[in-house]
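Novice: Got a structure for you, questions after.
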Amino acid sequence: MTRTPVNVTVTGAAGQIGYALLFRIASGQLLGADVPVKLRLLEITPALKAAEGTAMELDDCAFPLLQGIDITDDPNVAFDGTNVGLLVGARPRTKGMERGDLLSANGGIFKPQGKAINDNAADDVKILVVGNPANTNALIAQAAAPDVPAERFTAMTRLDHNRALTQLAKKTGSTVADIKRLTIWGNHSATQYPDIFHASVAGKNAAEVVNDEKWLAEDFIPTVAKRGAAIIEARGASSAASAANAAIDHVYTWVNGTADGDWTSMGIPSDGSYGVPEGLISSFPVTTKDGRYEIVQGLEINEFSRARIDASVKELEEEREAVRALGLI
């Protein structure tokens, strides 16, 4: 194996999602079965010991592709020469916490990380923000990294995309492999809009197969949007393995490309497409090739979809104004 290892940084590495993610990265599922990796685990100081325990387990797996592990609490060290950064660590919302407090707390995490990426990362760096509120955390990090092309900062809506695939498959008696061209629009929040109007199920238009707008509005959309809360209710903990899986999917697709005739959903800086204000990090339908993504153009947006996209975009604009007022962007 003569390939130069890819440096992959994972923040919040000792957490639940980090634990579900790291072994899959080290086994080759993030970038490909022939791509060696070096891991950089970034944690807050009190969690370094737990991160060391995870690193011990990674060593004990003897993954042929894993060519080194560094553990640090210094973002400048963690992002030195980074090619792929998975920003998982974030401040979760606690009971009674106002949204402004949440945004402020996360600004204290993502602004310094953005600067560290700006100052230290490799020229080809790709960033995926997983930690919530993911879209706006990505915006904060991106604003702190003016020397890095804006399109390198993305937010994860692939979990919502995957959730929607399964719900649609169940409704139509098909499998997820039968479904193509599903879209998540907007924010990774309860306002997100999973859109089946351009999707296909075994080659047939998904909306026509379903033929039930009441189910879409009252069942499908809320089920996808509130799935995280339902998992916390059932499991007593937030979704970790499914979030890690979606992060793997997001980066793998970004690097290796979407299948012909299909697309995926990514939270990316808007170029003004579909009436989403430029610069907002919003979820769009995208195709990927050679490590680059492009927004799928020319989709007709019906009234049902337009109102829901606009509502989610409005929330993103409000979040942007809130972090601007806090001096975070």
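Including glycine, each Cβ sits where the backbone N, Cα and C put it.
Grabbed the feature section from Swiss-Prot, which reads as follows:
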type: BINDING; residues: Gly12, Ala13, Ala14, Gly15, Gln16, Ile17, Gly18, Asn106, Gln113, Val130, Gly131, Asn132; note: NAD(+) binding site
type: BINDING; residues: Arg93, Arg99, Asn132, Arg163; note: substrate binding site
type: ACT_SITE; residues: His188; note: active site, proton acceptor
Novice: Just to verify a number: CA distance, Gly12 (NAD(+) binding site) to Arg93 (substrate binding site), in angstrom, no decimals.
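Specialist: The Cα atom of Gly12 (NAD(+) binding site) is 16 Å away from the Cα atom of Arg93 (substrate binding site).
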Novice: Give me the count of other Cβ atoms within 10 A of the Cβ belonging to Gly12 (NAD(+) binding site).
Specialist: 23
Novice: Looking only at Gln16, Gln113, Asn132, which of these binding-site residues has the biggest number of Cβ atoms within 10 Å around its Cβ?
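Specialist: The residue with the densest Cβ neighbourhood is Gln113.
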Novice: Could you tell me which three-state DSSP class Gly12 (NAD(+) binding site) falls into?
Specialist: coil
Novice: Spatially, which candidate from the binding-site residues Arg93, Arg99, Arg163 is nearest to Gln16 (NAD(+) binding site), comparing Cα atoms?
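Specialist: The smallest Cα gap between Gln16 (NAD(+) binding site) and any of the binding-site residues is with Arg93.
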Novice: Test of understanding: give the count of other CB atoms lying within 10 angstroms of the CB of Ala14 (NAD(+) binding site).
Specialist: 24
Novice: Please give the maximum pairwise Cα distance, in Å and rounded to a whole number, for the substrate-binding set Arg93, Arg99, Asn132, Arg163.
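Specialist: Those residues reach a largest Cα separation of 25 Å.
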Novice: To the nearest Å, how far is the Cα of His188 (active site, proton acceptor) from the Cα of Gly131 (NAD(+) binding site)?
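Specialist: Between the alpha carbons of His188 (active site, proton acceptor) and Gly131 (NAD(+) binding site) there are 10 Å.
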Novice: Give me the long-range Cβ neighbours of Gly18 (NAD(+) binding site): same chain, 6+ apart, Cβ under 8 Å, in sequence order.
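Specialist: Non-local contacts for Gly18 (NAD(+) binding site): Val10, Gly12, Leu41, Thr54, Val88, Gly89, Ala244.
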